[in-house]
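Visitor: Below is a structure I'd like to ask you about.
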Amino acid sequence: MTAPPYRSRVRFLLERLSPHRTRIFLLFALICTGIVIHMYSPRYIGLFIDRAAAGAESSLLFVTALLFLTLTMSRQLLVIVVQSLTSDLHWKVTNRLRLDLTRACLRRELAFYHAHTPGELVERIDGDVGRLGNFLSAFLLKVIGNHLLIAGIVAAIFFLHPLLGWVGLLCSTAALLILHRMGSYGTATVKSYMAQSASLLGLLDETLSGREDIRALNGSSYAFSVYYRGLRRLYPVRKQTGKTLAVVLNTGDITLASVMAAMLLAMGLLSVHGSGLSLGTMFQVYYYMTLLLVPLRNIVGEMSDLQQAGASADRVRELLADADNADSKQSGRSFRWNGDDGIPVSFDNVSFGYDGTDPVLRGVSFHIPAGRSLGVVGKSGSGKTTVARLLFRMCDAQHGSVALGGTDVRTLDKDSLRAAIAYVPQHVELFEGTLRDNITLFDSGVSDQRVMEAIALLRLDDWLKAVPGGLDRLIERDGSNLSAGEAQLLAMARAFLRSPGLVILDEATSLLDSATERTIGNAINALTRSRTSIIIAHRVQAVENTDYVLLLRDGQAVEFGETALLARYPSSEYAKWRREAGAGDA
Ligand SMILES: Nc1ncnc2c1ncn2[C@@H]1O[C@H](COP(=O)(O)OP(=O)(O)OP(=O)(O)O)[C@@H](O)[C@H]1O
């Protein structure tokens, strides 16, 4: 039997809060102290009134008033401390959650990124967690604090007049039951609104990131119409959400008005029939009764946040649970590679299609012994990058097997597998930070000496000397202050530092001028020495120095064999492609 959403949401929140038990305990202690002070201070107003009515000395009245003021100020001080502790807790919990969600998303495979746009993921990681965090602090400060305050006020009224205490208890219990019921009402509508709104953000993100192309191709009106259709889809859901929130807030207001009316009626009846209460005590009871409305009103105010937080908590839990689920399906043995010669690679009759039906690779087979190199050549869309993706398990073959060191990669744990492979793509991903950060991928455990050794072994010293600021050079967010060639050189150093057993270079030199290509050529030689390597290229010239060559056409292996041998046979496909390449691309 599955737990009702309300209970599982609370369990989820408690799990997230449990590492901060001590702080939460302290918070509760402070909140309770605040409530006790809050409940106790009106006693001094009552005393003040009674003493003044009895003609007490002004010094006594002054002390009574001073005590009241001292208690009120200490309560305010406590409120400030509680707020700052709560906001600290808020950041700790939400940042941990953001990290967990980011990690969960980064672990996911291509299919996941097909199903969710970057904008949608940003909204889920940041927007949902933000809402959940706001609620979390409100939950501690307002929801729990207000419930405790209600209990304290009712107890104080009981103490003054048991009959009025019962009235307060009945009214506040009825009000709380109604308000709690409203809390879970409409969460599904709010959740569906948030999902639609996130996918619209995704659309906006795509449109904005492709703004240059869109403008250059005069596609603004198309992009606008796509966004407009998204807004049209969102409109009815937004309307429904608005109605739901209006119902919730109005029900809350009606409940509060009823509570107030019932309590004033009870007070009126008592005063008509003579309650035997002094003027000061009557004032205290009235004060407590009006005070009871404050926490109830706060709880009504929290209702819309509560619904949004409920929906956000569900979406956050789903994302984390999906990742755990995917992990448990895909977990495998840790990949151990002991050789100094690189990892042998085999494709045995491999077929694969991104959507599971239309194959992109069909029955591809080849074998690269440890420490040898393979050139993969083919036209755009022939499936070259897909070969690389299957190796580091961005996707898994539907037929046949892909093996590293004789082990099917599908049985291996992805982290250890990926740690053994270095992939240098055509478009290098750069991050805002120094050149050093981008080479070490922000790993502070990698010393400058190791970075410089890698650079020296790749024979990139001259390049580094020419870079203003050297390793301290600041790289901009999208790498716009680095040329494509420099980015490739940086990627080589990054790959070299990982000491991989397999190096995959995917069109790593296609964007470069011939001088930079020569520098990169040296780096590639150093990087691939004593390692198994795969060099992916459009042009046959780029793979002339490899040990083996695989020719791909429409996802099929047209030919595979030793490069030098195939080059010698004029009737081989490779020799034919080379002859054709003399006139252009493969
Ligand atoms: N993530 C993806 N989802 C769906 N289809 C994809 C995906 N990536 C590639 N494809 C399709 O798979 C086919 C092979 O793509 P792949 O990137 O492997 O080709 P490639 O030979 O490396 O091309 P290029 O030289 O242009 O990089 C293409 O038809 C492409 O449209």
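Backbone N, Cα and C define each Cβ position, glycine as well.
Pulled these from TrEMBL:
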{"type": "DOMAIN", "residues": "25-308", "note": "domain 'ABC transmembrane type-1'"}
{"type": "DOMAIN", "residues": "345-579", "note": "domain 'ABC transporter'"}
{"type": "TRANSMEM", "residues": "21-40", "note": "transmembrane segment"}
{"type": "TRANSMEM", "residues": "60-82", "note": "transmembrane segment"}
{"type": "TRANSMEM", "residues": "139-160", "note": "transmembrane segment"}
{"type": "TRANSMEM", "residues": "166-184", "note": "transmembrane segment"}
{"type": "TRANSMEM", "residues": "245-270", "note": "transmembrane segment"}
{"type": "TRANSMEM", "residues": "276-296", "note": "transmembrane segment"}
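Where in this structure would I find these features, and how exposed are they?
Guide: Residues belonging to the domain 'ABC transporter' (345-579) score a mean pLDDT of 86 in the model.
Taking Cβ pairs closer than 8 Å, the transmembrane segment (60-82) reaches residues 27, 30-31, 33-34, 37-38, 40-41, 44-45, 47-48, 51-52, 141, 145 in its own chain, all 6 or more past its ends.
Among residues of the same chain six or more beyond the transmembrane segment (139-160), those with a C-beta under 8 A of the stretch's C-beta atoms are 13, 24, 27-28, 31-32, 34-36, 38-39, 42, 82-83, 86, 89, 166, 168-169, 172, 176, 277, 281, 284-285, 288-289, 291-292, 294-296, 298-299, 301-302, 306, 309.
Within the same chain, residues 38-39, 42-43, 45-50, 53, 145-147, 149-150, 153-154, 156-157, 160-161, 164, 168, 171-172, 175-176, 179, 255-256, 259-260, 263-264, 267, 270 sit at least 6 positions outside the transmembrane segment (276-296) and bring their C-beta atoms closer than 8 Å to a C-beta of that stretch.
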Visitor: Give the nonlocal contacts of the transmembrane segment (21-40) in its own chain as ranges (CB under 8 Å, at least six residues past its ends).
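Guide: Contacts with the transmembrane segment (21-40): 71, 74-75, 78-79, 81-82, 85-86, 88-89, 140-141, 144-145, 148-149, 152-153, 155-156, 288, 291.
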